[in-house]
């Protein structure tokens, strides 16, 4: 009953530190999950930094001594016992009373006096007497009272048979009553550690003597203590327990005022009865091809941008509440094969079920590329929420999916420039705005550097590289090659130059770091004061984009020369060639899966990944496009998700996952299945709405008139610099 009262109190108060100390459960066999928050696994260097020049005292029986050894092992994993353990006489009255009381407390009190009611009363009286002194000790520091762990009564020796779980529960109830009664309406100064006892309830059967806990359970108690004290000091991203809310910085306050001002303007315009508007037709960031509506769209009215900003403000408020404010619970990930493969099979069945006839049967047509992006994004989402990166074969297959995204980037942008030759400023700004708008807003609202959302800097960088390659003199387009095939050699020369550029950066990390550490580009690519993350991400898929460009060039040349058969129901190549290519594609899939399953380390696999990922991408393209019937159908389910794949990838950071992707957001505690359904529904709806908002604002922020566009760029540049400066300073202070 006493424990139930504490749990009800926790549910009302919402104190993550109380959650950490009081409740939890095992994920699997050895991973402890506190109730409602994430527990960081401290390393030796972190523990030493937190506890430097601090005194830590453990007082108790042999089980407390074991807890002490586990605590010390976090600080120094190589040390079996701490050399400072000695029996010392107390020099003041508080220590004398504590030590005198400990001699007749808990297990020893039950053992010496047979668990009599008089002894329990004396225990309660002694504890009440020292409670005042413990609370005084808690003023400058922290005092924890460890509740007695259960015993395995069947394994106890004859001299310990009188120690029963019923007696231990009575003594624990007495301790909870004393420490909670004096400060019933406020937070108790002496903190009760009950989580280790709850962990012991599941593992006491593994005890050697029925009294002392197995090492894994003792480690839970030690890590809970370390999180309770150190999280507020070091503030680890994946340790949400016991962390206080960070104050808003200047940029966050300014963004809040901006969104509030937009909402006020929208309300005024709404009351004045501004005309309705039709939402513009969204376009794809890869090629910006638009589907022409039956009737011309009505131009956006003055209310439309403020309405979009008002919606964006509400959405950003939800982002902040989910992953910055201490409002919603968070839990850590735990990988099992079932948590990854069961949802994967489920979405694949849904994707096949929603199959429709495609409007065109060309290789990699619009519906097919949307479908491709859609199912890849769903697989990546399942990969992230299930923590499947711990399983190397899955990790390597997902790495191929990321490479495929970059392959599509190279394919789509090269095709657009080759066919349309539009190198204007409007085109560039449209693409950059659509790629970066959400991330730039999140950098301000969530106080994160640009490189934190690594995929957007990656595709933005490669778009600029593709644009520069195609726009530089001489500009070679498809219509120019109609007169002479020699221009094809010029394109190949450009691609060869791009390959040399990539190799130059890839094979000299020091050169790479010198270039990207220069101001001002360092502000775009640094993460925690280093460009190591950018180097890792860039190098891992450095050839994927140029592979996509080369594929697009070869395909468009073959298409122009009518080498391919892209009519409905026809094989892409002659029958023998098609069968051979299909066979080789299937073999490559199987070979890659076998290789990935035999990889011993991620580092070993990542070294080979840039050179072999293109084989799997080409194999998929051939299997998907060689049969005529395969080109003539697509999955509308996957295609719908593909149209918002960028927003899904970015939004997952804060409103589906939690703690900057380290954990899982919990909206419905106590029911993981319902929670994932509710959070997923909100997450997908938000991503879809942000896609529409981005489209609306792109029409307003990026006008087609060149002079108006230049004037707006002149305004946006200084404003962006002003917003980014406080954030950079804040990051520097945190690092210091």
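All positions are counted from 1 along the displayed chain.
From the backbone N, Cα and C atoms, a Cβ is placed for every residue, glycine too.
Feature list (source: TrEMBL):
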DOMAIN    32-135  domain 'NXPE C-terminal'
DOMAIN    235-713  domain 'Cas1p 10 TM acyl transferase'
TRANSMEM  254-273  transmembrane segment
TRANSMEM  334-354  transmembrane segment
TRANSMEM  374-395  transmembrane segment
TRANSMEM  402-419  transmembrane segment
TRANSMEM  425-445  transmembrane segment
TRANSMEM  452-473  transmembrane segment
TRANSMEM  485-508  transmembrane segment
TRANSMEM  540-557  transmembrane segment
TRANSMEM  577-596  transmembrane segment
TRANSMEM  608-626  transmembrane segment
TRANSMEM  663-684  transmembrane segment
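Counting same-chain residues at least six beyond the ends of the transmembrane segment (577-596), those with a Cβ under 8 angstroms from any Cβ of the stretch are 392-393, 396-397, 400, 571, 605, 612, 615-616, 618-620, 622-623, 626-627. In terms of C-beta pairs under 8 Å, the stretch of 254-273, 374-395, 402-419, 608-626 lying closest in packing to the transmembrane segment (540-557) is 402-419. Summarised as a single figure, the pLDDT of the domain 'NXPE C-terminal' (32-135) averages 75.
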